[in-house]
């Protein structure tokens, strides 16, 4: 049982961090399809940072800096150049995947996997069987709670939602939606950096090309499925992780006889169902016109 | 006329800007940027056989991109071209398997029919959900891409699995040579003919039929079209189905032409590139043809870059991504620059 929970926490934690990044962007009115790109930048920067500085803390700082820079770039493109957030987000994802591959190739001269000498700090023996998990796993519930406080119980959270849903009204009471989105996307950058770091160093300690393998999009699905609520989206992300872990387990136990592809499809099917249902119930926050920001 | 000239100029500026930006980044990353740019032009159009190679990539991309343009025109943000492309190829592969041994002049059209139907069906359900329940098509078509990718993994490692496959990448059994519409280089009169027919039909549909005019109007102002008595529902669903069928057709061409089989995760960026092409072309059919040749050239150069400029093929993905980042920009700054002083509202 322990090993199943450990597997779920290992695959679920990066997903939760990136999902939270999506939640905060979504609340600010930005459909963030660049999560995948930010996550892989975070993963790559962490590994390269470790090799460069030999210090895990410095590596995390580098990863956060890179992801925040990329987030600010995407903010500039959608807010100042008024590009379509969805297409620009897909572009950011492409830049992340291609750029990390190019960075690895230009530094090491090959496209091989880059292995770091050490990974994230672990919880240690005091936690028994769970001691193999990284500190980010233990921090995750606190981060979720903090984000819930920030988004649902603070003036900032209310201003953020107002900027996303009724930017004109928000501006009328002196909120600057443009600046709110910059803050939201920057916080999202930090969260994506941690998500990427956990993916690359939580239980592994290497970076491979395209290693996010669609997790950023799955996080986006969790944001939508969880109706952009921090707790709801976290639950959705963990549910997706459970489905994934069960799929792998079923495959190990029963071989190819069980359709594990079906379990892998579950997050996407659940999201379609969730969006359909919320549309039926009238509570859907749809993109309206091509996912454009509402004040453009 | 002036608007069209501005639109073309705008796309050209954005594409060149992205290219230059990438060149600067590559230069800083320690590559030789001028050498890279010449290698791109060489690999795309100048090297012997390059034009054929570029067309090989451009034609299926053109077909998918025209379809993407149709649904964008009608106001539906169908970003599911990749999924529709995959399901089209899967349906075609199933049809080819079922009809194995039949006479080619019957089997080939049936495979095409199956492929287009598959693609159309994969666009139909997001269309129905959108038009019946208001379910957002961005999410359903995006999820549809991942579902189609998983379906492709499933059929190539299950029902259609090639038992003699190497195991590296699951793939289907190869198509009988009698049913192939091109060799593995992927350019043949059949494929060129299909692309031309699709281009002409879609140009006529968009510019010379009431459907095309109404769909474009509906994309801008649905309420107005409804008041004029047009059936928004039919317009919307037709545009979904047409775009899906065309993506399915492109999938069928890739299956029956250059690839000769389907493999898990093959051509993973086809749909994304097709969306880019449609946007660069500002959704016009003629523009789509031009943009498809450009992006086909980039795809062909991707195979040539590692040898010539020592750049990984990912460089082309980065160029595409940079274009995606900027192509939809419509800031006042840009407009003002383009209109060269003319006041824009």
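Note that Cβ sites are derived from N, Cα and C of the backbone, with glycine treated the same way.
Residues or ranges marked as transmembrane segment by TrEMBL: A:6-25, A:30-50, A:56-78, A:85-108, A:128-151, A:182-207, A:219-248.
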Contact ranking winner - A:85-108, A:182-207, A:219-248 against the transmembrane segment (A:6-25), Cβ under 8 Å: A:219-248
Any contact, the transmembrane segment (A:85-108) to the transmembrane segment (A:56-78), with at least 3 Cβ pairs under 8 A: yes
At a Cβ cut-off of 8 Å, and with pairs 6 or more apart in sequence only, do we get at least 3 pairs between the transmembrane segment (A:30-50) and the transmembrane segment (A:128-151), yes or no? no
Cβ-Cβ under 8 Å with the transmembrane segment (A:56-78): same-chain residues at least 6 beyond its ends: 30, 34, 37-38, 41-43, 45-50, 84-85, 88-89, 91-92, 95-96, 118, 120-121, 181-182, 185-186, 188-190, 192-194, 196-197, 201, 293
